[in-house]
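**Q** Residues or ranges marked as active site, proton acceptor by TrEMBL: Asp599. If you look up TrEMBL, you'll see 512-688 marked as domain 'PABS'. According to TrEMBL, the transmembrane segment annotation covers 7-28, 40-60, 72-94, 114-135, 156-178, 184-206, 229-251, 263-283, 295-316, 336-360, 381-403, 409-428 (among others).
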Amino acid sequence: MRIKVRGIILIMFFMSGVTSLIYEVSWFRQLSLTLGVSAYSAAAVVSAFMGGLALGGWLGSKIIKRVDAIKFYACLQLLIACCAFLTPVVFKFMPSIYTSLYNEYNPDFYLFNLLRFGLACMVLLWPTTLIGMTFPAVSQAYTIYNQRGKDLGSLYSVNAIGSVLGALLSGLVLIRLLGTRDTILISGIIDLMLAALAFAISSRIVKQNKDLRTLQANPQNIDLYPKRLVNIAFWGFALSGFVSLGYEVVWFRILSNFTLNSVYSFTVLLSIFILGLSIGSFLASRLVDSAKSPISAFAIIQLGIGVSAVLSLYVFHRLPTILLRIGLPSSALQEITIEVIAAALTIFVPTVLIGATFPLAARIYTNSNVYKIGNPAGKLYGANTVFSMIGSLVAGFLLIPTMGLQKSVLMLALVNILIGIAALLQISDPPKIEAYALLGTAAIGALLLPQGVFLGFREGTNPYLVYYKEGVDANVSVFIVPNPPLKISFVNGRNEVPTDRYSMRAFYLMGHLPALLKPDAKSALVLSFGNGIATGALSRHKIQHIDAVEIVAQQVEAARFYQPENRNVLSYPGLNITIEDARNYLLRSDKKYDIITADATHPTNSSSWAMFTQEFYKLARSHLSPDGVMVQWLPIHDISKEDYISIIKTFQSVFPHTTLWYVGSTHTLLVATPHKLSTQEVLALDSLIDKRGIRDDLIDSRTLVSNYLMNEDQVRKYSSSGSIVTDDKAFFLPAMDDGVILQSFQLAK
């Protein structure tokens, strides 16, 4: 009977892991719509989430002393479900609260990010605190003292495996099929079922605990550790949390150069990271209670984490060649497979070792707490979570911008090595041979590392590389190739601003086309600035005031290498550049513009999907003057025909007078005008081009009418089979349908 009840507890905690990660993925997605997708916004959300978990671990460790553990867990799951059911209401009012506070206080940079953190806490602190309290509760209900290392490790492992499943389900399946709102509600229903199950078995748990008291009260079952070792285990595991989340931030930034950075990329990487933790915890939990010296094992594993982190850099440097041998993906499934391989080759081994530290630290720190293991387990969990939050912030905002990615990994590895050395110094007979071997490997590995440049598509540097910088939000590089002449910039390994003939015509038309359709325009907004070519085209029309928004500050720096192409727009007196998430800028701005040019990155990109939804288009329309013009770039590469058509239908649902323009190669433009655009008006634009003196920007002799693909009636018919894309269900999967889309153009005409 005892085994059966303990099995039920494991299943419940597994499902808690599933629902917790579904919430995390869904809540992060929802909050990004209000707070933005910049690194600062993400940091605010992560900090609030981790802070809630830490607070929950600490509070749970205090409360568990005085309550029935399994009934307490049942109450927690019930309250978590209530929070889930309330989140749609909370998220509905978030934008108005955000804009009201921003307009009221007009905050500077620091106060602005504090505002973001406060709003994230307002939404996340309650449910995440409850989630954090579940670990000490379940630990108390499940753990037998004389196998506490195994039991706590098993709980951690099972919960982590559930988290992997939750991340994959929400990030790859549920949100696309059901939408974010229904995904959260389903998780809430599961939590209600867990609460009911916990209440149902609570009486059996009480009897089990009575049966175990006789076993656990025997003094020979209590193995005390000296206080200095207990402190080493506690603070070592806490600092291990700092390093682990630091690694996650840095590793994910490096891996973003080798992925499409699509809506599912983060889910894939996060799943591999958590899977490594769960396997490490599971393996260690099988051995920890029979280990002669858990503190020696803890020390050696800390050294092993540092060494494996250093060696992972060699794999990162070789990754472009490895992935090239695998071949280029031709479907979303193949792309996911490649991302799994990239993550597994680089971060899996160190994450397994990181996961192995918890059962060891738990075995030592729980020490003589025979009946109240939930108390020290909660404290250990809470301390690790607090330091994890700090580690993510330090890595993202201090280490990467000041030291770069490679040196950041080395610095974090050094912390692991120092933790290991500190633990070894407390042992009377340390494993010297293993320690010296690991320390020597780490030192030699660090000394022989190649230059820390991560481009994604090739190993090492390139003679044509003229700019490379690792910033807070992204890695940016610029290449200038002399023969044939080409400039190209990459953001996190993704091709963004090539100067080939078709791309340049597309960039220029994003600026010229709306200015020609609105010749008296006095204000314009560019979302996003990039390297400034579309903005430079707008400046040639002498528009008095141009606001440009760019999320990656290094892209603006790199624009100086595009001065001939962007018409030295950085010196244009009417230009004002804001470093911010484009949608977030619109949300808190009250300005109206005669022209809005939306040049976001690809719709499948994790930072851009929210700029192709009906809610975004309505937000943009609210900032457009009554007779204003809006243009949006829409690629036909790496996107399915279904998603392409749905975006067009969504755009026209907000802007009825929509026309579609095909520039060539993979570039199309959606153009919204205040009235129905006739073919005669399009033909008349060519004479205006000559009057404005901008013929040289059109790259070739083709007239504008040659790019005019569909009028608004044709667009409406072409997109009739599509669906309206909303914030709730937007999820664009990469696909190789460019040939199919081009063929559909011919059929439509």
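Cβ from N, Cα, C; glycine included.
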**Q** Grab the pLDDT values for the domain 'PABS' (512-688) and give me their mean, rounded.
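**A** Residues in the domain 'PABS' (512-688) carry a mean pLDDT of 95 in this prediction.
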**Q** With Cβ distances under 8 Å as the criterion, find the stretch in 40-60, 114-135, 184-206, 295-316 that has the most pairs with the transmembrane segment (229-251).
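**A** It is 295-316 that shares the most Cβ pairs under 8 Å with the transmembrane segment (229-251).
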**Q** Contact between the transmembrane segment (156-178) and the transmembrane segment (72-94) is defined here as three or more C-beta pairs under 8 Å separated by at least 6 residues; is that satisfied?
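**A** No, the transmembrane segment (72-94) does not contact the transmembrane segment (156-178).
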**Q** For the transmembrane segment (156-178), what are the same-chain contacts with Cβ under 8 Å, counting residues 6+ beyond its ends?
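**A** Apart from its flanks, the transmembrane segment (156-178) reaches 10, 13-22, 24-26, 29, 135, 186, 263-264, 266-268, 270-271, 274-275, 277-279, 281-282, 285, 336, 355, 358-359, 362, 729, 731, 733.
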**Q** Quickly jot the same-chain residues contacting the transmembrane segment (40-60) by Cβ under 8 Å, restricted to those at least six beyond its ends, or write none.
**A** 24, 27-28, 31-32, 113, 116-117, 119-121, 123-137, 245, 374, 378-379, 381-383, 385-386, 388-389, 392-393, 396-397, 472, 581, 584
**Q** Could you list the residues of the same chain, at least six apart in sequence, whose Cβ is under 8 A from the Cβ of Asp599 (active site, proton acceptor)?
**A** Phe507, Met510, Val526, Leu527, Ser528, Gly530, Ala534, Gln632, Trp633
**Q** Which listed stretch (7-28, 114-135, 263-283, 295-316, 381-403) has the most C-beta pairs under 8 A with the transmembrane segment (409-428)?
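**A** Result: 295-316.
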**Q** Are there residues at least 6 beyond the ends of the transmembrane segment (295-316) whose Cβ is under 8 Å from a Cβ of it, and what are they?
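**A** Sequence-distant neighbours of the transmembrane segment (295-316): 225, 229, 232-233, 236, 240, 243, 247, 251, 254, 284, 288, 322, 345-347, 349-350, 353-354, 356-357, 360-361, 364, 406, 409-410, 412-417, 419-421, 423-424, 426-427, 430-431, 434-435, 438-439, 441-442, 445-446, 449, 452, 454.
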